[in-house]
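Student: Pulled these features from TrEMBL for this protein:
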- ARG46, GLY47, ASP106, ASP107, LEU108, VAL109, ASP110, THR111, GLY112, SER113, THR114: 5-phospho-alpha-D-ribose 1-diphosphate binding site (BINDING)
- ASP107: Mg(2+) binding site (BINDING)
- ASP110, THR111, GLY112, SER113, THR114, TRP152, ILE153: GMP binding site (BINDING)
- ASP110, ILE153: guanine binding site (BINDING)
- ASP110, ILE153: xanthine binding site (BINDING)
- 14-163: domain 'Phosphoribosyltransferase' (DOMAIN)
Amino acid sequence: MSDVRAEKAFPVYWEQFHRDARALAWRLAGEARASGGFDAIVCVTRGGLVPAAIVARELDIRLIETICVASYHDYKSQGELAVLKGVCDRVANVRGGEGAGVLIIDDLVDTGSTARVVRGLLPKAHFAAVYAKPKGRPLVDTFVTEVSQDTWIYFPWDMGLSFQPPIREGAAG
Ligand SMILES: O=P(O)(O)OC[C@H]1O[C@H](OP(=O)(O)OP(=O)(O)O)[C@H](O)[C@@H]1O
Ligand code: HPA
Ligand SMILES: [Mg+2]
């Protein structure tokens with residue numbers, strides 16, 4: 001297991017995530033015009049499910065598949081990567097296979113390990129993520145925002161409202 005050691009926090013609220021996923025869709029619409037469009041989306045579960053839903057709506061893509069990958073077993077700690085489910089033949093064989101005409105979507109690329117494995121399965125696909133850290137950036141074709149490697153992104157589905165102590169009580173510390 002490798003320890004990510006992220007020190008800075010980048011909390012993302014639902015509204016911001018929706019805006020950033022829409023910004024990703026705008027960029028992908030430009031890519032689609034240049035490359036002949038996307039026939040299918042493959043979302044990398046579980047984090048890719050939410051941006052995939054938003055992008056699919058914006059680009060009017062109806063053929064959606066999952067690739068199920070798990071690696072961060074404990075909070076901020078990455079273990080061995082396991083592909084729990086690959087893509088079905090219908091999607092794997094779009095436009096002659098190997099991912100041609102397929103858009104892969106994940107919420108972020110961090111070390112790039114997940115993207116590397118998924119790209120290996122669909123080498124001709126276009127890989128998109130909402131956020132990217134420097135180590136993962138070379139593995140992603142389109143993204144919206146880059147954060148530093150020592151930043152941990154807190155997604156809205158992982159957070160809840162909780163009491164915050166007033167600043168004068170030492171929270172600014
Ligand atoms: O670039 P990497 O270092 O591989 O990290 C990025 C991956 O890690 C997270 O998924 P995770 O395996 O935690 O599963 P989840 O999507 O189910 O939360 C995230 O959603 C990306 O898929
Ligand atoms: O920064 C992150 N945030 C949430 N999940 C993650 N999985 C890898 N890196 C991250
Ligand atoms: Mg994931």
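Just so you know, glycine gets a Cβ as well, placed from its N, Cα and C.
Just so you know, TrEMBL annotations are computer predictions that nobody has curated.
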Student: Mind computing the max CA-CA distance among ARG46, GLY47, ASP106, ASP107, LEU108, VAL109, ASP110, THR111, GLY112, SER113, THR114, which the record assigns to 5-phospho-alpha-D-ribose 1-diphosphate binding, rounded to whole Å?
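Tutor: Across ARG46, GLY47, ASP106, ASP107, LEU108, VAL109, ASP110, THR111, GLY112, SER113, THR114, the widest Cα separation comes out at 17 Å.
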Student: Given the binding-site residues ARG46, LEU108, GLY112, which one's Cα is the least distant from that of TRP152 (GMP binding site)?
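Tutor: For TRP152 (GMP binding site), the closest Cα among ARG46, LEU108, GLY112 is found at LEU108.
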Student: Please give the average pLDDT for the domain 'Phosphoribosyltransferase' (14-163) in this predicted model.
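Tutor: Value for the domain 'Phosphoribosyltransferase' (14-163), mean pLDDT as a whole number: 94.
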Student: Taking only the binding-site residues ASP106, ASP110, ILE153, which have a CB closer than 6 angstroms to any atom that belongs to ligand 1?
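Tutor: Correct list: ASP106, ASP110.
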Student: Please report how many Å separate the Cα atom of SER113 (GMP binding site) from that of ASP106 (5-phospho-alpha-D-ribose 1-diphosphate binding site), as a whole number.
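Tutor: That separation, Cα to Cα, works out to 12 Å.
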Student: Of ASP107, THR111, ILE153, which binding-site residues are close to ARG46 (5-phospho-alpha-D-ribose 1-diphosphate binding site), meaning a Cα within 10 Å of its Cα?
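Tutor: Neighbours among binding-site residues, in sequence order: ASP107.
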Student: Just the number: how many Å between the Cα atoms of ILE153 (GMP binding site) and LEU108 (5-phospho-alpha-D-ribose 1-diphosphate binding site)?
Tutor: 9
Student: Max Cα distance spanning ASP110, THR111, GLY112, SER113, THR114, TRP152, ILE153 (GMP binders), Å?
Tutor: 17
Student: Determine the most Cβ-crowded residue among the binding-site residues THR111, SER113, THR114, using a 10 Å radius around each Cβ and all protein chains in the structure.
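Tutor: Selected residue: THR114.
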